[in-house]
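What follows is a set of notes on a single structure, which appears directly below.
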């Protein structure tokens, strides 16, 4: 019985090989995606493959890419990490060693990316991740050739830049709606990996803008009743309460804040005007919102509307984090351009090309990576007046990190 | 000063939802010995039923009644179908409830996706008294909890049914010998505890959005309160619920906010070591009829 | 010759209730002593205090001159006192042979010579070798009692306390049990039987101690005690 | 109860050895898998499942033998993992030296948790271990830089065995299989020793055990500490394999997940933990089953196992096979009273 099986299998293989050359000139370049399409982090997980998938489709529709004189079509190979680190590791091992992808995008969960990098980097696979928390491992000597993160790229601005531009945007947009210059801010942040990391930068950014920030209030990640935290914030009678970073928790906390009249205005990080409109949210005080990197409900970025129309048309769900897809979409195009410029898929030549190119993306017309493989671009902040009118503007990041 | 009163009010509304769960736990665990760790999921399903009813256009009061009936019925089916066979070995009942946690959570995820679900607030008026904001919906939750506590307290202690129930806890065999239909009472208590969880779920979704996984964190606090108060002791559950609600409210408000969840666990461990039968004395589950 | 067990002024109160009121009792080496009394006379409390289940409120318990008052049950067993329970108990889920092997693996250092070196020998002695591989849980009640005895003997005690050993046994089983217990002094094991079954006591014990409301009202040769008017009046309410 | 059958006839060593054979055969087959050049995804999932199985052997000693159900076992694995990470970061202690140290750390933590919890006893014990598990996760999250706070800790150190770099999956896989075999043999040794018999006595009837000279309290703590040793070693392997650990990996649901695995596999069988690990942790991922549906199946399967097959799925299958082979059906009633854990009053 066994031998028969063996014969059948090998026959099929030969046929496969024979069939293959018929499409010789359209070789396939595989791009891997690891994201949480189930489990607790699912809200961020759906956006990543949708963003990459749209870029791959656009590139293939335009005839694919021409590398070293040969034409290639891209193929996205996506894996669900189920918000479980062991599954993320297994998916990465498969993509790197079995499927042999040329590049990997993901994941949205900070500590999964760190574990995945330990597999992609030794295998010289270009790895893009939209976690500003990668700053911890992207140091000058870790990214130099031969370093342990030479092929790792952070497709989200450095945290001091994102926080700086966000803080500046929130304050400038809320001032006209408040009718006076806000002076005191209180931050309410989820007590998890991302929350702890981001809040230290945003706190410094607010201080750099001259804000008095008497308290950062950390709440346990799965909190539903925010009233004690909000009352504590109210006791400091702040001009603005800044909610960081999880959209779902923020939307749970806002009605309770309005009920308590905790502050004169609010800032909801990671809540898109699109969600604000869709859920018909309203507030009797000004509310600022920011999107990473560009908003889909309302945007001052001309290309954003076209992108999101195509993005949602492709079937992606309207989510709190739909804009996160842009942290990956632009960089598929960027990578394709780098391959064409390098004229080969050799990882080192590709990294060189990525570091020298100025790519025209949706988020900005001049996307470049700095020497430590981190991108720099503006962040969009919007503000909703009590009446409901929403205005947005792109905020340029500060040149370098604030002192102290 | 108004901040202090505001924090007490916040503590009260947290305490009332936790107390509702704790009463259900203390009744079921204390009086029937069934360790139903899936009690949090009963609460969540109460919320989901309310959400389904409200989004189907029903009014909130009707939705709450539906939630109570639905979860009470679920309690009946599960007690008759599963827990009835584990009375002699409570640890098996506990393991069955672990399986139920996984099943109930993921059945809800399967049918109604894992995202947050919320309903428009049934009462939206917010009174302002001297700087203290009092939300009518929270007052409603506190009022309903007080009413339910009074009702079940009277029923368990004062009525004939209550006395028979407590007798069946002391010694199941003797109670049966005295003609008390012990089996029927255990089912009755389980259904009552489940209905309370259904009500708790309905009130919870009236206050905040819930997800299929909300039950998990809530049940631990419910068990902590039930154990701190003393199993089977409703008075204990209410007192411990208040203590924990206020402690959590003040820890979030004044103390180290990131440690808020730690207090209920630390308090429970401390109390169980010092007084295994809880602060106000309760049973340690019925004597095994071995 | 000093007694193997000397109980002096042993008392025990549960809340307001006095279960034992200063009992003095001695068990001589190689003797089978009977401790009798109506229900509620303090027999079981005496058993529970001596075996360490309850701590005494007062008085001392000396075993071979060593003070074992208030020791935990497992320490009492290691000291050399074996005992069986009113309700026959065994490790239901485990095999009969394994039950006995376990009982023999926690013997204290100062236990006397072992009349039954292997578990099989002990099973032969009590007559359970046929069911060695059966689960203890499936044994009939009579065999369960015999297994309980075997377990206690496996701890190589020099004193064996039996709490109502024949409860629930039919005449044939009781006679067999009596036959076994009678042989124990021959194997260097003194015995103290606590029961209210006078017929059994007469068969087994040459000396009786009678408890009533927590104090000892009579102690002496069986025939004398049974003729003692105090015992008759309190215990039997009329002639024997 | 099949496991009991092994012991009953295991009068002398030979019979006891025969009870180990099936597991050794299965593990030998598992060790041959790399010859069929499996995909790296298969190897990676197998390694994660294998690391879980090592912890499960600790749980089978605690729950299977002693009847103590702990909902804090993942926390003990976490202590081992964090000990390995902190030792590597602060003292440069490598993988092999971290193993005994982490096992000791988990064992110590198990004692710290065990002593107060066992004092309480009864059903409260389970809830106490649950509370300790949650507390550990909160402490690690708020532990600042020392515990890496919510982000967790990185583990850069490579694993080398006699000079060979173990980052190659096949080598790591074989090492994990070796560890699983050691865990199985250790667990078998415990089951068939006088220590194992003492634990089973405590499981069956604490009062009687005490009357036969067994210090029940000390042995319960001992069983808890032993389960900690298995968990600590599993933690080290996990930390070095994943390269990054964070508090959420060791909070309450992972503990429920481990308990679920050991019960479905059969806590009292030597094959139980291995079967539980394969059935619950490995197969659904490899077969790419939908996670939501596979979890519903576990839940239902666990309930069915507890109600119908007190010795777990494999126990049931093995017993059915044995009954079929020996031609006399096992009396169902006999199995009824030998359920995983008798609540003692």
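Every residue number used here counts from 1 along the chain in the order it is shown.
Cβ coordinates come from backbone N, Cα and C, glycine included.
Please treat TrEMBL annotations as automatic predictions, because they have not gone through curation.
Sequence annotations record features per position, and here TrEMBL assigns transmembrane segment to D:20-36 (among others).
What TrEMBL records for D:42-63 (among others) is transmembrane segment.
The transmembrane segment annotation in TrEMBL covers D:70-88 (among others). For the transmembrane segment (D:70-88), same-chain residues at least 6 beyond its ends with a Cβ under 8 Å from one of its own Cβ atoms are 55, 58-59, 62-63, 94-95, 97-98, 101-103, 105-106, 109-110, 113, 126-127, 129-130, 132-133, 136-137, 140, 146-148, 153-157, 224, 227-228, 231-236, 238-240, 245, 247, 249-252, 254-259.
Taken from TrEMBL, the feature transmembrane segment applies to D:94-115 (among others). For the transmembrane segment (D:94-115), the list of distant contacts is 72, 75-77, 79-81, 83-84, 87-88, 128-129, 132, 157, 159-161, 220-221, 224-229, 231-233, 235-236, 240: same-chain residues at least six beyond its ends, Cβ to Cβ under 8 Å.
Same-chain residues lying 6+ beyond the ends of the transmembrane segment (D:122-140) with a Cβ under 8 Å from its Cβ atoms: 68-75, 78-79, 82, 113, 116, 147-149, 152, 247-248, 250-252, 255, 343-344. Summarising the annotation, TrEMBL assigns transmembrane segment to D:122-140 (among others).
Annotation source TrEMBL lists transmembrane segment at D:172-191 (among others).
Listed as Cβ neighbours of the transmembrane segment (D:221-243) (distance under 8 Å, sequence separation of 6 or more from its ends, same chain) are residues 47-48, 51-52, 54-55, 57-59, 61-62, 65-66, 68, 70, 73, 76-85, 95, 98-99, 102-111, 113-115, 118, 153-157, 159, 172, 176, 179, 183, 186-187, 190, 199, 202, 249. Annotation source TrEMBL lists transmembrane segment at D:221-243 (among others).
Annotated transmembrane segment per TrEMBL: D:255-284 (among others), in sequence order.
The annotation transmembrane segment is assigned in TrEMBL to D:296-321 (among others).
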Recorded stretch that, among D:20-36, D:172-191, D:255-284, has the most CB pairs under 8 Å to the transmembrane segment (D:42-63): D:255-284
Tertiary contacts of the transmembrane segment (D:172-191), as residues 6+ beyond its ends and Cβ separation under 8 Å: 3, 6-7, 16, 19-20, 23-24, 27, 30-31, 33-34, 43, 46-47, 50-51, 53-54, 57-58, 60-61, 65, 159, 161, 166, 199, 226, 230, 233, 237, 241, 270, 273-274
